[in-house]
């Protein structure tokens, strides 16, 4: 019997090993295909100020319509919140759920989620097998390779054994049911596009990992430890996080890293957490320069400490949010992010050493004085103050638009229904 050469035996063993590992790839940044810089940045807009102006214009129009109708004595369900005014007034919202996909604003306005797909009804709250999930479960829905609009048959508490890895073109729509994702793994949006997460209670998320988890119909892989974020956005684009109630997680409530962009985070109620929102991977990760995020109409509520958000490199439009509590600071950053704060209400805590809204993290003033951090039309209460820098601080910044953030006095009203709404069929969706 002929003896095969050693080099040939080694090659055969290698090929066998690669084939065996086809479905068990280590799902980290090094194992996934790299894009060139043009592809990576293709979802970022060239003039982010134009997108910010569009948000202001939509808000101004909604506020004006709401105010004028009330003056004329008409009942109106309008709130001055252009997202909500787009769909919430319809008592038959449940018959036209996909209308929501046309209501986005800001950098994530083009996120269509599963609009062009069929409905998938989650009937089973269990999560027995993260590699081979049973039909009817949320995990089985989100891994499908086709667009889906995911809804829930009834109220349920879903305790995930591992992080829930969401595939592209998915909407998770909790309206009409009281849906909690809690006490286990939570949501990961990794290297995908067009995802909408709406109407969920996400809390008490735990670190998970060192396990196999399925991410699509055709792929599962070994996952290292996840941090325990409520929602983790990783290298993804066209993502909209709207009307969720988020609290008590091991790491962040919403984190977006590794070049994620075209994101809107809106109408959420965030409470009881330390490091709330991280936007940007690290000071040395240059691809986060393309990160563009709109943070609008959220209520940053009781029990929050810092990072609302904490930004790196990109462009961040913080508009018409209600900051009623923080313990250290509200908005922080490093690595020269642009922060455009407009029409927010900042109510400082009683602590005399925590009145400043802003914090430049581990950076001397000689560096951050050139960063473009600007405050326009913000309502500063209880001694709160915003330290501007860059062109805004020097007085040389001039808006190309005549728009201004005029609605800070109405922020309490605009954000009064932030968080997951108790929607019921046949009624307008309101708290």
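All residue numbers here begin at 1 and follow the chain in the order shown.
Just so it is clear, glycine is given a Cβ too, placed from its N, Cα and C backbone atoms.
As recorded in Swiss-Prot, the features of this protein are as follows:
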type: SIGNAL; residues: 1-20; note: signal peptide
type: CARBOHYD; residues: 23; note: N-linked glycosylation site
type: CARBOHYD; residues: 28; note: N-linked glycosylation site
type: CARBOHYD; residues: 65; note: N-linked glycosylation site
type: BINDING; residues: 227, 251, 255; note: Ca(2+) binding site
type: ACT_SITE; residues: 307; note: active site
Can you give me the Cα-Cα distance between the residue listed as 'active site' and residue 255 (Ca(2+) binding site) in Å, rounded to a whole number? 10
Between residue 255 (Ca(2+) binding site) and residue 65 (N-linked glycosylation site), find the distance joining the two CA atoms and give it rounded to the nearest Å. 34
Around the recorded Ca(2+) site (227, 251, 255), other residues with Cβ within 8 Å of the Cβ centre, ordered by sequence, are 226, 228, 229, 232, 249, 250, 252, 275, 278
Under a three-state DSSP reduction, the secondary structure at residue 307 (active site) is coil
Residue 251 (Ca(2+) binding site) to residue 65 (N-linked glycosylation site), Cα to Cα, whole Å, comes out at 40
Which three-state DSSP class does residue 65 (N-linked glycosylation site) fall into? helix
Cβ neighbour count (10 Å, all chains) around residue 227 (Ca(2+) binding site) is 18
